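A short worksheet on the structure shown next.
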Amino acid sequence: GTWGSWGPWSSCSSSCGDGVALRSRRCLRSSEEQPCAGDPRQYRLCQLQGCPSGSVPFRAMQCSLFDNRPVLGTSARYRWVPFHGAPNLCDLNCLAEGHNFYYSFGRVLDGTRCGPGSPDLCVGGRCLSVGCDGILGSGSRPDACGQCGSGRGSCVLVHRLFQGSDPSSGYLGYVNVTKIPAGATHIKVTDKSRNYLALMASDGRFVLNGDWAIARPGPYEAAGTLLTYSRAPDGTESLEAPGPTHEDLHVMVRPGGHGVGDSHPPRLPSLTCCPPQVLLQEPNPGIEYQFWLPRGHPQLGRADTSPL
């Protein structure tokens, strides 16, 4: 079969918050053997300005339409609130307030959230995920670089193992691992030694474990993304961030054993003139790092490390 062109998008189903818009197409030619394959209707998410404070949530408003109306074939009257424990998320399941039963009043209206906190919406009684293209049920997902609809092969994975030299071959201090360039996504760095990972921004400011202070595990803002730093009891450390980064980040290693409160921590050479470093106190079993870059990124094909 052959489809005609898509028609224009309808207006949004809601006046605030989330809603859906619809467009449709007609099957121009088909036969019993070859009908038009696909859906004649398509829905997309439309996000409007937030609803005023104190507004009744969409599903709760739909339940309240049945307040004090006879149901279940009796003259009893109830007030209804949403019930989220029923199997079909896109039925209007409402709990009788003050009672232990719920009733299903059919389907929810299109554009209703499938559940509390869910990003998915109900359309035609089905719970549909929003693709990265904004189309409900399209299945479109961003690639590893965060691009939607770019197809396979638009990203390149940088995945390497750093095995620095023994500290006796150089000064005791921060040692270069790599530069994570601006635009990197899905960043992960893992170190299984008793040394400490350190991270420096492109302006020479330490984000983690700088100036001989040992940072606590937890979330940190860096280069426009949220970085998660973890340290296991056996000394294994990891840095993870979804990206994309807005500036270069420099991964280093520093030796363990000198933390906040040491009376005479060793003095470090100035790092404002030097490459990012790693602090070492024992042989380095390997620091594994990986991140994704868009294909054609200027950093690809160059050495990982670069001077600050």
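Think of each number as a place in line: the chain as shown, counted from 1.
Here the Cβ of each residue, glycine as well, is placed from N, Cα and C on the backbone.
Of the listed cysteines C16, C27, C36, C63, TrEMBL assigns the disulfide bond with C51 to C16. Looking up C46 in TrEMBL gives a disulphide bond to a cysteine among C12, C90, C94, identified as C12. Looking at C36, C63, the record from TrEMBL puts C27 in a disulfide bond with C36. Local packing around the Cβ, expressed as the count of other Cβ atoms within 10 angstroms, is greatest for C46 among the disulfide-bonded residues C16, C27, C46, C51.
With the fewest other Cβ atoms inside 10 Å of its Cβ, the least crowded of the disulfide-bonded residues C12, C36 in this structure is C36. Comparing C12 (disulfide bond) with C51 (disulfide bond), their Cα atoms are 14 Å apart once rounded. The disulfide-bonded residues shown are C16, C27, C36; of these, the one with its CA atom nearest the CA of C46 (disulfide bond) is C16.
The separation of C16 (disulfide bond) from C27 (disulfide bond), Cα to Cα, is 34 Å. You'll find the Cα of C51 (disulfide bond) roughly 40 Å from the Cα of C36 (disulfide bond). In the domain 'ADAMTS/ADAMTS-like cysteine-rich' (58-155), the DSSP tally of helix, strand and coil residues is 7 helix, 29 strand, 62 coil.
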